[in-house]
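Asks: One structure coming up, written as structure tokens, with questions to follow.
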Amino acid sequence: MTPYSPAETASTETRTPDDLRLTYVLATIGFAFLIGWELSATFSPSLALLGFCDVREATALRIVSVLTLAATFAFCAWKADWAFENRNRLFAIGSLLALAAVANAFVNTAFAGIPLAVSVVSWALFGVAQGSIMMYWCVFFSLIPTRRTAVAIGLGSIGGTLLFVFANASDTQWLNLSEITLFIVGSVGLAAYLSTRIPAERILPVGAFRRTKVLTVPAALSVASQGAVYGFMAIELCSMGQEVAVIGGASGLVGTLVALLWAVLGSKVDVDMAVVQRISLPVLMAGMLLFPFFDGPGRVVCGGMIIAALAHSTIVGWCTTSIDNYEFRLHPVDRFALRQTPSYLGFLAGSAVAYLAVFAYPLAGTQLDLLMVAFALVLVVAFCVYGGDDAQVRKRLNELLAPPAAERALEAAGDAGADQSGPGFFRKRCELVAQRYGLTPREEEVFLLLAKGRNAEHIAEQLVVSPATAKSHIYHIYRKLDISSQQHLMNIVEDYDGE
């Protein structure tokens, strides 16, 4: 996961629009509103949104919303083309359904005797709204140049976590609910506004997007296991009161700071989900296995460690998904929905287990120990299986770097063009373009071969490097040039006039 590096562009076709910086700033603010909303929902059983009922009933209502949230992603995966074509109306209207839960909280606070069914319906709609707004933002980030996408998501996550604390730390419920309303309206409004600023020529017809099974069964199990741990720990922390719930949500700030670090380092690091899981696993294991041995503050610390690790994984997942969708022209609705569905099914399962373990059949002592060991065992197995499968996952994406048949046919033409103007002319032109875009010496060698129409496998053999290294260089070159295909790179070289 690496954002684009700053670079000048050589033609109007590849130049970043003058107002793109404003777009990223607004996207950072809008994503911060989204994270503030998401955290307020995740820890809602002890916060203002469900402050009108006891924690047990609040947890049940939250589980209802997670069920409809997972169903929303499953529906989007099923009807991905239709959802993309109708994204502005569908996701904007769907996201605003969250206001029903806010209104329900206001009404239940002001009046007694409101039927429980009203709250159930409100929270079912809230889950649909959560899925809609998450999908809306992923589609937006998947359609804009990725030069600052990771930084915008990282900064937005940090800002959103701080907004969550600010909005839920007060004991004044009407004020908290008003701030959450601002999160909902602000996130939806900015997503809708920014979506209208995307140039029409940047948006492919829905049939032109690639579809690839990037989330295999082992990867889905890994994602689901993390979701289960997140759902379980969120309910555990909420059962300990409002203050602990706010601390639990705030602890994600540590993980988001690490994710932002990867974004700032950019091409200096190569972080994918397998690396993230290897970083997260020791922290998750420590938090889960030590959790039963403590009471009070000790449990809060263990829970905070788990939330921080999961926040890190979640934000890196947002970055890699959005960037890869743009880079490889992957179907943004299809790919994001296929990833989020198992995640929230796992979250649903973890929340249900927590409800049983905390409220229905309270566990303590050895029983709680065994439950946490079971969670740890599931995570270890899922991570190990996913780690072994990661090469296949990356292979499916890397194969998209090889030019299609029409572009491979240009290979001979590339060599011929090099000869027409003298043996050194083509190389000199490539060197000048590489200098203009700030490519490293190694990237310049890869750039020359790409300009001749060579694919990643040929480049790896020619430069005596591993295919993964060659493809990593290609990633960085594409991002520095703000392009998404080898043909576009060849056009830049051909059109370069030396100015």
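From the backbone N, Cα and C atoms, a Cβ is placed for every residue, glycine too.
OK, TrEMBL features for this one:
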type     : residues : note
DOMAIN   : 431-497  : domain 'HTH luxR-type'
TRANSMEM : 21-39    : transmembrane segment
TRANSMEM : 59-78    : transmembrane segment
TRANSMEM : 90-114   : transmembrane segment
TRANSMEM : 120-143  : transmembrane segment
TRANSMEM : 150-168  : transmembrane segment
TRANSMEM : 174-194  : transmembrane segment
TRANSMEM : 214-232  : transmembrane segment
TRANSMEM : 244-263  : transmembrane segment
TRANSMEM : 275-294  : transmembrane segment
TRANSMEM : 300-323  : transmembrane segment
TRANSMEM : 344-364  : transmembrane segment
TRANSMEM : 370-388  : transmembrane segment
Asks: Which residues of the same chain, at least 6 past either end of the transmembrane segment (244-263), have a Cβ under 8 Å from a Cβ in it?
Replies: 1-3, 39, 42-43, 45-47, 150-151, 153-155, 157-158, 161-162, 164-165, 168-169, 233-234, 237-238, 269, 271, 279, 300, 303-305, 307-316, 319
Asks: Determine which recorded stretch among 90-114, 120-143, 275-294, 300-323, 344-364 has the most C-beta pairs below 8 angstroms with the transmembrane segment (59-78).
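Replies: Ranked by Cβ pairs under 8 Å, first place goes to 120-143.
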Asks: By a Cβ-Cβ criterion of under 8 Å, what residues six or more beyond either terminus of the transmembrane segment (120-143) are in contact with it?
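Replies: Beyond its ends, the transmembrane segment (120-143) has Cβ neighbours at 27, 30-31, 34, 37-38, 41, 61-62, 64-73, 76, 83-84, 87, 90-98, 100-101, 103-104, 149, 152-153, 184, 187-188, 191-192, 194-195, 198, 202-203, 318, 321-322, 325-326, 330, 332-333, 336-337, 340.
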Asks: Give residue numbers and ranges for long-range contacts of the transmembrane segment (150-168): same chain, 6 or more residues beyond its ends, CB-CB under 8 A.
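Replies: For the transmembrane segment (150-168), the list is 1-3, 24, 27-40, 43, 47-48, 141, 176, 179-180, 183, 242, 245-246, 249-250, 252-253, 256-257, 259-260, 262-264, 266, 311, 315, 318-319, 322-323.
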Asks: Taking the transmembrane segment (174-194) as reference, which of 90-114, 214-232, 344-364 has the most Cβ pairs under 8 angstroms?
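Replies: Answer is 90-114, with the largest number of Cβ pairs below 8 Å.
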Asks: In the same chain, which residue numbers or ranges, 6 or more beyond the ends of the transmembrane segment (344-364), come under 8 angstroms Cβ to Cβ?
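Replies: Residues 55-56, 59-60, 62-63, 66-67, 69-70, 73, 223-236, 239, 371.
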Asks: What does DSSP give as the helix, strand and coil breakdown of the domain 'HTH luxR-type' (431-497)?
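Replies: Taking each residue of the domain 'HTH luxR-type' (431-497) in turn, the totals are 50 helix, 0 strand, 17 coil.
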